[in-house]
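Down below is the structure, laid out as structure tokens.
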Amino acid sequence: MPKSRLQRALRGLGVLCGSRPVAVITVAFVFSVVCTLGALRMTIQNDPQKLWVPPTSTSAKQQAYFDENFGPFFRIEQLIFHFPNGSDDNDLITAPLLAEVAALQHRIETTAVEVDGRNITLDDLCFRPIPDKGCLVESPMQYWRNNVSLLATDPDIKLTVVCQTTHPLNNPQNTTFLAHAKAWEAQVFLNTSFSSPSGLVVERMAQRSVEDALTVETQQNAFVVVLSYGVMFVYVALALGNARDPVRSRFGLGLWGILIVLFSMGIAFGTFVGLGFYSPF
């Protein structure tokens with residue numbers, strides 16, 4: 001019967017491993033290390049577009065065509081202002097509230113961040129429709145030419161519950177510019193304080209926001225994995241062994257169980273990466 005043959009095969013394997021433990025452990029360890037070496041070539045992919053858009057898809061091909069002929073699209077930085085309760089009764093477009101919007105916009109546009117010994121401001125990163133002229137900023141304040149004094153003297157201000165500002169930045173395929181842009185986004189655009197006496201709140205969406213969210217989620221998942229293995233180790237040591245007797249405590253069993261799982265992951269990663277199969281993370 002197939003079941004009997006399987007039983008005999010597994011029994012033979014057990015006898016072989018049990019009669020030559022040193023040789024079996026040595027071969028398994030060397031095999032695991034060799035296969036895991038391929039993981040040294042593994043790269044972590046956290047670009048949302050490359051994570052979620054297959055390179056052979058129509059969208060990816062169309063974007064590649066656009067980037068090749070017109071240059072990469074802008075890095076988009078948005079500020080969205082609203083009241084926390086979302087009520088339509090709140091009139092957001094008033095002179096005092098727009099003055100608060102203008103104040104935050106001004107601080108973001110004038111604050112510098114130091115990167116590699118150089119002060120980086122919005123002027124170094126922004127898109128300029130006219131060379132050597134001002135940055136393009138899409139904001140309600142454009143109607144008043146970004147002048148708070150003109151805003152204060154305008155008697156006709158409309159009713160709305162949400163407004164936003166958009167700062168399009170250049171996006172050349174340049175690692176130095178990318179590092180400067182990400183540093184400015186993190187330390188200026190996403191970090192500039194805003195406090196409104198009227199209760200107005202601001203939501204920020206930078207080009208790096210999705211990537212940052214993926215990084216945070218990955219770190220949280222890593223903590224959960226480490227915690228689960230720690231709990232498994234304690235469970236094996238206490239539930240299957242004798243905590244009062246070090247010889248029968250089964251700490252070694254729990255430790256080897258964790259090492260087997262880690263080596264199995266390393267073999268999977270190393271083998272597929274070594275063969276040229278890449279999986280985004």
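Cβ atoms here come from the backbone N, Cα and C positions, even for glycine.
The domain 'SSD' annotation in TrEMBL covers 221-281.
Taking Cβ pairs closer than 8 Å, the transmembrane segment (21-40) reaches residues 263, 266-267, 269-275 in its own chain, all 6 or more past its ends. According to TrEMBL, the transmembrane segment annotation covers 21-40 (among others).
Per TrEMBL, transmembrane segment is recorded for 222-241 (among others).
Sequence-distant contacts of the transmembrane segment (253-278) (same chain, six or more residues past either end, CB-CB distance under 8 Å): 31-32, 35-43, 45, 229, 232-237, 240-241. The annotation transmembrane segment is assigned in TrEMBL to 253-278 (among others).
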